[in-house]
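Reviewing the structure listed below.
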């Protein structure tokens, strides 16, 4: 189904609270809360009502002793969130109280984290190209695997039977899960693959690369069916909307591209003032959160993120 959606009269709102730049933004499973992770060593939880105005309450998650590089919500629980930090720990938090409920000390600086779609396992990638799978209930490592190539973003498919690794060699490694046996190596790009997104309907996945392209793949056939060519810089972050009909991608280009998945055509550009680190669509509405390297006029980090999709700014 083609998505007919007009972005013409929509605006962005800015949210500030962090003291340094925001690395990662993520919505909870029902789209009511947004989490932001920052170089200031904290994560924050924001209650976002797409139809409301006024001051937004936020809760600070304190405890990490290094940058919070990535975070992800429990796909089945709207108040549980996991954070990965350069301090070598992974933490599980209750977003209502702001308290850390579980903590695991791993072997390296953690840069990527993702939940299995059924909420039972969390995968963490570190700077040393090591993958750790944690059992969420016990919050203890179940598998550890070190790779002899650069591993960037990681993801499960929607059924949890396949696990994807994007690599610095321009490939996507497809492993079976839970055995982690190699199933396929996809020659996806001519330069390193940085990010991966799984379409929530389970049909497609997309890969963003240092070659400035985004490739779209059909999961059932492992075939590339389209490339998006609007960006000119390495693609840092990509996200599908809730229907799987739109894809947002961003880089050091000073706009976020929103394209139609089925036609490849751009439907909107959101202007930005800096390189982007994270874009993520709300799981219920066409509302996009995004965060980048924004600086103020004194060249200090602004620590802001924005949300696009409001009818009035």
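Glycine residues also receive a Cβ, built from the backbone N, Cα and C atoms like all the rest.
The annotation repeat 'WD' is assigned in TrEMBL to 15-49 (among others). Residues 56-62, 64-79, 81, 83, 85, 87, 93, 95, 98, 277-285, 287, 289-294, 301-307 of the same chain, all 6+ positions outside the repeat 'WD' (15-49), place their C-beta atoms under 8 angstroms from a C-beta of that stretch.
The annotation repeat 'WD' is assigned in TrEMBL to 61-103 (among others). Here the repeat 'WD' (61-103) has Cβ contacts under 8 Å with residues 23-24, 26-30, 32-33, 35, 37-45, 109-119, 122, 124, 134, 136, 139 of the same chain, all six or more residues outside its ends.
Sequence annotations record features per position, and here TrEMBL assigns repeat 'WD' to 186-227 (among others). Across the repeat 'WD' (186-227), DSSP classifies residues as 0 helix, 24 strand, 18 coil.
Looking at the repeat 'WD' (15-49) alone, the prediction's average pLDDT is 94. Helix, strand and coil counts from DSSP across the repeat 'WD' (61-103) read 0 helix, 24 strand, 19 coil.
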